[in-house]
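Database features (TrEMBL):
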BINDING   157, 197, 205, 402, 407, 449, 488, 489, 523  substrate binding site
ACT_SITE  289  active site, proton donor
ACT_SITE  487  active site, proton acceptor
């Protein structure tokens, strides 16, 4: 005999939930109301009227730092997500089961239609330091919920610091084996991130996973293996690309270590490649992004919207700089990077190097340094992709690279934060086309962040322009003929962010809609499964799968989604209250 839903929740969370309390909460919760504005918006769209003409334009601020989860226990997700298993086994009438079946049938019918598949990022700590699945029951229930909502798959970080932690060449795939089999069981595809960076110290990092112990030992012996700024501050998030080709890691080069890790992953999970594992995202820097660690949040070093700082002062980077300066016939340029580029939290006009009038960035020296600095980053990406392509060739998986959406001070001439991160992008120089062309040579996907942001939501004094930045990247990927994928940079659950993602995922460039190949949603957590957030998310996934051309308003789609989730709302609220006590 099937367990009732309250008993399922209790089993998953370890908290007993009385059946009669369900009825109490069910009676206490009022049905969701829709504002007149949203109904008006639906009517206006059907009539072809822009929302701005009926006064509906609104902003939901996108904060420069990720919101904190507050006091809610992480395993709230078990209770919230387990609810999605409920309709087939609830003994409250056949109608609810019919609603779920109808929703799934509609979703299957739309699978072949034009649209953008949605993936969801899994928690950073999905695998424990003991190489087991973290919150196993919650994870299983979460994956079931996501699959039932029409999600294509999940993205999971495969941490170098967990798998090869103890000794070089010894790989423990324990938790990942179980997690990938779990995804396969639920029919979810997987984007596997080869995470060669440290977790901790960046926006949204909720746990700490250092680099492998033996790699940290080598850094302790030779601190110049870490990125270094002009004040001597070391950054241990990722090994400096200045030593990419030197055998500094117990006889192996960093590039060899990354290649060996990917090869071991392929050998272990070859049976899942191309079927369950459909994409390998190759980590290339802090937060897994192809960039320098120019804006580290750890210890308050950097705060939004500071310009960041160049990371070219370890002995290996300086050695490359010296050689480049001598080759250019300017040996005097090779002893150091810019010394007048300010500090992490300065603004462009605070510095001689980045100011708009007479700034060093727009001088012959500035062009030399920025060209060298960005080319070193491109060469780093080229090396790792050459290895990844050789390893995963003919396995049926895509290879992708994540590029950071550095949108602050984008409206200035120098684009200082992009320059310190390694993107030579100014008012007079396109920094994203060279990246797109490098990816094109390897057939890789260009994965870009900040897709959810709107210009007017950001601090205007910092001249933030995420929409313009996304468009520039769209133009670059079109010219280079590289597939574009997207992510949201910060957690957002509101319909304004969802609408922005839908618009950006099918960007109109010169009268032609160019669809992204995939979108990855940040992130699986208790907030996502809160009743209103979950309802909006289900509607969002549906809209993304239908494609922008479906021309259906949010209210209509959310009403359909409401049929799918309405029976679970009271129980979600009850579970949330119980777990927060």
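For all residues, glycine too, the Cβ spot is worked out from N, Cα and C.
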* Which of 407, 523, all binding-site residues, has a Cβ with the fewest other Cβ atoms inside 10 Å -> 523
* Asked: residue 488 (substrate binding site) has how many other Cβ neighbours within 10 Å of its own Cβ?
  -> 23
* Asked: Any idea what the Cα distance is from residue 523 (substrate binding site) over to the residue listed as 'active site, proton donor', rounded to a whole Å?
  -> 17
* For residue 157 (substrate binding site) and residue 289 (active site, proton donor), what Cα-Cα distance in Å is obtained after rounding to a whole number? -> 13
* To do: Would you mind checking how many other C-beta atoms are within 10 angstroms of the C-beta on the residue listed as 'active site, proton acceptor'?
  => 22
